[in-house]
Amino acid sequence: MRIKGKNFDGEGGEEEEQKLVVGYALTLKKKKSFLQPEFERLACKKGILFVAIDVNLPLSDQGPFDIILHKLLGKEWSDIVEDYRQTHPEVTVIDPPYAIQHLHNRQSMLQDVVDLNLSDFHGRVGVPKQMVIMKDPLSIPDEVAKAGLKLPLVAKTLVVDGSAKSHELFLACDWSSLSELEPPLVLQEFVNHDGILFKIYIVGDAIKVVRRFSLSNVNQCQLAKVPGIFPFPRVSSAAASADDADLDPRVAELPPRPLLERLSKELRHRLGLRLFNIDMIREHGTRDIFYVIDINYFPGYGKMPDYEVIFTDFLLTFKKKKYRAISCED
């Protein structure tokens, strides 16, 4: 899209300026949290135009777009976007549906972290020991015992589908209560981490880390006193921010920057995604042993400090590529 502007000498006249057109397909809730007025104003000043995609109309009849930004669920929408990618290779789709799908299953989402083997690079990064339970709740205690997992265990739904239920977390504190859980689910050993979680936001090459309050440490004496299964709150809540809290410096210390850069670069490549966040914890009593416990696609960037600037700069990288392409054609 071209708009009228001023000549480079400041005199009135017409200069054709390229706008970067970003078509977006988001839920109403996601649109409200992401496309905040300050962000839209900054993007507009930088030559970025956001245009809503009408999901009731053929995607190929809309636009033209330079970028499609989306987070809608369902196979029908995924097929539409994938077909569009094949027929419109000049449009950047953020992100490919097949890559996003990888993060919808908690069994597979952390496998890429395991495969990285970051065991001696400014610290160690792994994943907690975990297993998948597909059916028969009554067999869970025996299956867990055979797998050698230790209590307490964090229980999560196997499939991440955007529903409130898929974000529910439970702490199982005794063997008998395990049979009360509802498969399919993932059981993950709870790692004491001093009640602090690091949310690592990835926006292209940019990395932003924030601290969130999480579940406090649990010891064996506490387990004996509180048998059962207990829900615990989502740590992604904005109210759970721990960045301004008076924390022990050893607990508050962020993971080493070189480690985060290596981890994010490798996961961007392996996952094929540009927008995601990593939930990471530091093991209690250590300085350099970290665990990735979850990875989320297109998280709540509205809660990330300075997200307006970071995301605008990210989109501007595509505008530069567009100008270079036009220059080459000329």
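Using N, Cα and C of the backbone, Cβ positions are placed for all residues, glycine too.
According to TrEMBL, the features are:
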- K30, K71, H167, K199, N296, G300: 1D-myo-inositol 1,3,4-trisphosphate binding site (BINDING)
- R106, K156, 188-199, S214: ATP binding site (BINDING)
- D279, D294: Mg(2+) 1 binding site (BINDING)
- D294, N296: Mg(2+) 2 binding site (BINDING)
- 21-100: domain 'Inositol-tetrakisphosphate 1-kinase N-terminal' (DOMAIN)
- 122-316: domain 'Inositol 1,3,4-trisphosphate 5/6-kinase ATP-grasp' (DOMAIN)
Compare the Cα of H167 (1D-myo-inositol 1,3,4-trisphosphate binding site) against each of the binding-site residues F190, D194, S214, D294 and report the nearest.
D294
Cα separation, S214 (ATP binding site) to G300 (1D-myo-inositol 1,3,4-trisphosphate binding site) (Å, whole number):
17
Site of maximum Cβ density within 10 Å, from binding-site residues Q188, S214:
Q188
Which of the binding-site residues R106, N192, S214, D279, D294 has its Cα closest in space to the Cα of K199 (1D-myo-inositol 1,3,4-trisphosphate binding site)?
D279
Long-range neighbours only, meaning 6 or more apart in sequence with Cβ under 8 Å: which ones does D294 (Mg(2+) 1 binding site) have?
R106, M109, L110, I278, D279
Chain-internal residues near F190 (ATP binding site), provided their CB is under 8 angstroms and they sit 6+ positions away:
P128, P152, L153, V154, L171, L215, V218
Whole-number answer please: how many Å between the C-alpha atoms of I196 (ATP binding site) and N296 (1D-myo-inositol 1,3,4-trisphosphate binding site)?
18
Greatest inter-residue Cα distance in Å for the 1D-myo-inositol 1,3,4-trisphosphate-binding set K30, K71, H167, K199, N296, G300:
20
Of these binding-site residues, K71, H167, K199, which scores lowest on Cβ atoms within 10 Å?
H167
Can you count the other CB atoms that lie within 10 A of the CB of N192 (ATP binding site)?
16
Taking only the residues in the domain 'Inositol-tetrakisphosphate 1-kinase N-terminal' (21-100), give me the average pLDDT of this model.
96
In angstrom units, rounded to an integer, how far apart are the Cα atoms of N192 (ATP binding site) and K71 (1D-myo-inositol 1,3,4-trisphosphate binding site)?
33
Per residue, counting other C-beta atoms within 10 angstroms of the C-beta, which of the binding-site residues K30, R106 reaches the highest number?
R106
Take the domain 'Inositol-tetrakisphosphate 1-kinase N-terminal' (21-100) and count its residues per DSSP category (helix H/G/I, strand E/B, coil), listing them in that order.
36 helix, 19 strand, 25 coil
